[in-house]
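Quick look at what TrEMBL lists:
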type: COMPBIAS; residues: B:1-12; note: compositional bias 'Basic and acidic residues'
type: REGION; residues: B:1-20; note: region 'Disordered'
type: TRANSMEM; residues: B:29-52; note: transmembrane segment
type: DOMAIN; residues: B:83-294; note: domain 'ABC transmembrane type-1'
type: TRANSMEM; residues: B:87-109; note: transmembrane segment
type: TRANSMEM; residues: B:121-141; note: transmembrane segment
type: TRANSMEM; residues: B:178-197; note: transmembrane segment
type: TRANSMEM; residues: B:218-239; note: transmembrane segment
type: TRANSMEM; residues: B:272-292; note: transmembrane segment
Amino acid sequence: MRLKIALAAFTAAALALSGCSAGSLGSSDDDGSGVTLSFMVDNSDTNSKMAEGLAKEFNAKNPGIVVKVETRPQGTEGDNLVKTRLSTGDMTDVFQYNSGSLMQALAPTKNLVAVDDQPWAGKLDENFKTSVTSEQKLFGAPFGTYNAGAILYNREVYQKNGLRVPTTWDEFMANNAKLKAAGVAPVIQSYGETWTSQLFVLGDFHNVTAAQPDFAEKYTANQAKYATTPAALAGFEHLQEVHAAGYTNKDFASAKLNDAVEQLAKGTGAHYPILSGIISQLLGTFPEEKDTIGLFPIPGDDAAKNGLTVWAPAGAYIPASTTGEKLDAARKFLAFIASPEGCAAQANATVINGPFAVQGCTLPDDVPQVVKDMQTYIDKPGASSLALEFLSPVKGPALEQICVEVGSGIRKAPDGAKLYDEDVKKQAQQLGLPGWS
Amino acid sequence: MSVLLETRDGTARDTGSPPARVRSPYPHWFYLPAAIVYGVLFLIPTFASFYFSLTRWTLFESHFIGLDNFVQFFQEPALVKGFVNTLIYGVVTSGAKVVLGLLLAVLLTSRIVARGYLRSVVFFPVLVSTIGVGLTFTVLMNPEQGLINQTLATVGIEGPGWLTDPSYALLSVALVDVWKGVGLATLIYIAGIVSIPQEYFEAARVDGAGAWANFRHLILPLARPATVTVIILSLIGGLRSFDLIWAMTRGGPGFTSDVIASVIYKQYQAGFYGLSTAGNVVLFVVVTAIVLPLSRFLNRKEVEL
Amino acid sequence: MTLTARARSWLIGSAAILVSAVVFLVPFAFILLTAAKDARQAAQLDFSWPSSFHFVPNLIEVLQARDYMLIIAYINSTILTVSSVAIMVVLAAMVAFVLQRRASRWNGLINFLVLSGLIIPPAVVPTIWVLDGLGLFGTMPGLIAIEVAFGLSFCVLLFRAFIATIPRELDEAAVIDGAGPLRLFFQVIFPLLRSVIITAVVVQSVTVFNDFVNPLYFLPGSNNATVQTTIYNFSGQFATQYHLLFMDILLVTVPPLIMFLFFNRRIVAGMTAGAIKG
C-alpha cells in the first residue's frame, strides 16, 4: 500500500513539475477596468524603446486602454516564434514584424486583420504600402522609420584627406587607395556578426534596378540570376575587390558590429557599408559624432543613375485572433501609430534613424547627419529604390555566409553568385513559387 | 557509455530463467512505458526521416521529390564541405583523445605527487557546459586581443586567427573539443590500466623490463578494450558534434567549419525541412557505416600478449 | 622506492602540475577574474587581477537582465533536469530488470534498440513533427519526454550490468512471500540499485543540465529558455560586455562544479561503468 501511495505521489509530483514551466516572473497587475492590449516587438534597443514610448503616450491619451509591451528575440528565432504563435492562434493583440517578404511569409490574408478601411490608410507613403500589401489588401501601420543600406562614412576623415563623396565605384576605389596610403582602414567589415557582410550585395540593389528595371520581377519568376546579370553580379565583385586590394580593417574577420561602429566613430576606419539604423547605436556610445558620420549610396557604374537602396519600416499588425473590444482598441492603437503624434512619440523615445512613412510626420531639426543625407536621396525623384526583399519573396538564407566567403577571399565572386542562385532556388521551391520546380 | 561491453558480451547470458510459469514475476509490460516514450519520440521519427528526406516539406504538407534533396546535398559545395569536415573532425578528435588520454592515464597511474588533484583537474572540463567552454575559448582565441595570441606575442610569435582563418577554424574547434573531452578518455584508460593484474608488472620487473617495455608490451595490449571504448565513444560524439562548433564559429568563416550537424540546423532554421531531414539521414548513414564495422573489427581481434 | 625515483616522481609531478595549471586552470581562472572586473577592464580581455572588484554588481546585473531571464532559465532547467532524470531512471530500471531476468524472443530486438539509441543521431525535424502532432512541441513536458527518450539507452545498459550482480534467489524469496511483479521490483530490486541509481542520476543530471541542442530545437522561445540557451542568447546581447558574459558563464559552471565536489567518485564510477570489463 505504502508503495502505491509513494508511486502516486511521485507521479503527481512529476506531472505538477512538468506541467508548468516558469513563463515569467513578476505579477501582471490587471486592475480589471478597461481593455489591456498586449503588444509584441523585437528586443532590439531601438524598437523596444519606440514601443514603450508609443505605449506610454497612447495610454496617457486613452484612459480606457492599457497597452503592454512584450519583447521577443530577433532573427530567425523570432521569426519562428511569430509564425508559431500566429498559427496556434496565441499571438499578442498587436505585434510588430518586418514588412516585405518576411511579412508575406506570414500568410497575411489568413492570419492578419486587413486595415484598408482605416482612415489613416490613405496617408501612408507608397513604398511602405507596397511592402505591407498582400493580394491588394493593406495589413500594417508603419513602425519605426525608413532605413538605408548604404555606406556610412566619417566626414572628418574625408575632410582631412581632401576627399569628395564618390558617385561611381571607380571613384570610391580611388578614395580607398588614398585612405590606405594615409594609414586609415578604407572599408570596415565586421564578419564577427555575419549579417553585416551582406550590404555590398543587398545595398547595391538600386544600381541593379537602374541598369535593369525588370530585374525583381524576372528574378521572382526564375528568369534572371545573380550570376548571369552583370549589374547584380557587381555586388559580389565589389566585395571581392575590396578584400583583394587589402582595403579592409585588419580585424575584419573577427570584428563585431560594436567594434566596427567604434572604428568608424574614431576615424580609424573610413567607410562602413551597413544599414543606416545602426547610427542610433553609434550615437549611443559616441553622441558627439552626430554630425561627423554621413552617408552615401553604394556607388555603381553610372554616376547619373547612382541612388539609395532603402528598407521600408517594420509594420504593426493585428492578428486574426484579436476580436471584440480588443479589436476596436487595437485599431485605435494602430491609428495612433500611423499619426503624427505616433511619430512624435517614437522620435521622443529614441534617436531617429530615418524618415517616417506617414504623411505629416516631420523629423526633428536635430536629426543626425546620416538622416539628412538619406533625406536628400529620398526626396529626389528616381534616386531611391526599395530593397529587393520588399519586391520579391525570394531571399536565400545563406547569403551572409556566402558574402563572408567572398569578402574574405575564400570564394571568388562569380562562384559566390552562383552559389547564392542555388540557395535562392531552394527557397523559391520551398515557397512553391511558380516557375521554379 | 557501455556500448562496448554490450557488443562484446552482447549475447544474452541469462539462460537460467525458469521454464514457462503461469505468471512471470518479470512481466513484459514493464517494457511498455519506456517503449512508448522511446518508440514515439525516437523510433517513429527515425523511420519517418527516411520518408521525409525524399520530400519538400513544410511540416504541414510534404511533396514527394525523390532523391533531389540528396542530390542537392552532394552537389552544393557548402554541404559537401560539411560532409568532409564531419569526417575530419571525428577522426582528429578521436585520434587525439586516444593518444593524449593514454599518455595522461599512464602518467596519472604512475607514482607522482598530487595524483588526485591532477585527475580531478583533467576530468572537470568534461562536466562543464559545452556552450560555456565554447564561448570562453572564442574569447581566448580572439586573433587580436585574445589571451592565447597575446601570450604568443610576448615570445615573438604571431598567432594565427584561430577561428577566423579558414584553414584553422575547424581544427581550433577540434582542439577545444579535445581539451574538454580528454578527461573522459583518460578516465577510461585509468580504469583499464588499474584493472591490469599487478602480477604482470611484477613479472615484468623480474624480467628486467624498463618503463618503455612495460608500456609497449603490457599496458598497450592490455588496455586495448579501453582504447576500443575511447575510439568508439569519441567517434560517435565527434561525428554528431554540434554545440561546440555552433557556439564557437557557427560553421564559419563562411562554410569552412560546417559539419553535417550544423548544416542540419541551418537548413532547419531556413525552413528547408526536407533537406534538413536528408542531412539527418546522411548523418545516420555516416555514423552507422563507420561505427558499426569499426567496433566489430576492433572487438574481434583478441588481445595478444 | 629509491631516492632518484622519488626525485623523479617529484619532478614529473611538478611539471604535470604546472602544465595542468596552464592548460586546464587558466581558462577557469580567466572566467572567474573577468566576471569580477568592471566593464572597461574586462573589455581588454587580458589575464590580470581585477583593479576593483565588481563581482556582486555584475551578478545582480546579469540576474536582472531581460526581466530576470536567467532566474527563469534556472527554474526551467531545474524542472527539466529533475523530472526527466527521475522518469528516465524508473523506466530504464524497469526495462533493465526484465531484460536481464527474463530470456525471451524480445531480448535480441530490445538489445538492438538500446544500442541504436546510443549510436543513431536523432532525426530532428521528424521529431518536431511528432511532438507537434501530439501538441507537445515547444512545451516543457515535450522536452522532458525527449530527454527521457534519448537518455534511456545509457541507463538501461548501466542498470542491466548491475542487476546481473543481484542474486536471483532474492527474487524467488520475494515471489514465494507472495510479492507481485510491482512489489518485487519497487520494494526489493529498486532499493538494491541505490548506488547505481545515484551514478545514473548524477551523470544524467549533468548531461541534461548541460544539454543545448535539444532545448534549442524542441523548446524554442525566450519564455521557455533553459540555462544553456540563455547563455547562448546572452552571448549576442553582451557581445562586448565581457564582464557580464563571463559572469553568465560562471553561473552555468557552478551547478556541475557542485555536483563534481560532492559526487566526484560517483561520476567517475558512472563514466567508466561497464566500459572496461574486458
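Quick reminder: no glycine exception, Cβ is built from N, Cα and C everywhere.
Just so you know, TrEMBL annotations never went through curation; they're auto-generated.
Long-range contacts of the transmembrane segment (B:87-109) within the same chain: residues 115, 118-119, 122, 170-171, 173-174, 177-178, 181-182, 184-190, 192-194, 215, 219, 223, 227, 230-231, 234-235, 237-239, 241, 245, 259, 286, 290, each at least 6 residues beyond the stretch ends and with a Cβ under 8 Å from a Cβ of the stretch. Proximity of distant same-chain residues to the transmembrane segment (B:218-239), defined by a Cβ-Cβ separation under 8 Å and at least 6 residues beyond the stretch ends, is recorded for 1, 3-4, 8, 86-87, 89-94, 97-98, 101-102, 105-106, 177, 181, 184-185, 188-189, 191-193, 196, 200-201, 204, 209, 260, 283, 286-287, 290-291, 294-295, 298-299, 303-305.
Ranked by the number of CB pairs under 8 Å to the transmembrane segment (B:272-292), the listed stretches B:29-52, B:121-141, B:178-197 are led by B:29-52. Residues 62, 273-274, 277, 280-281, 284 of the same chain sit 6 or more residues outside the transmembrane segment (B:29-52) yet have a Cβ under 8 Å from a Cβ within it.
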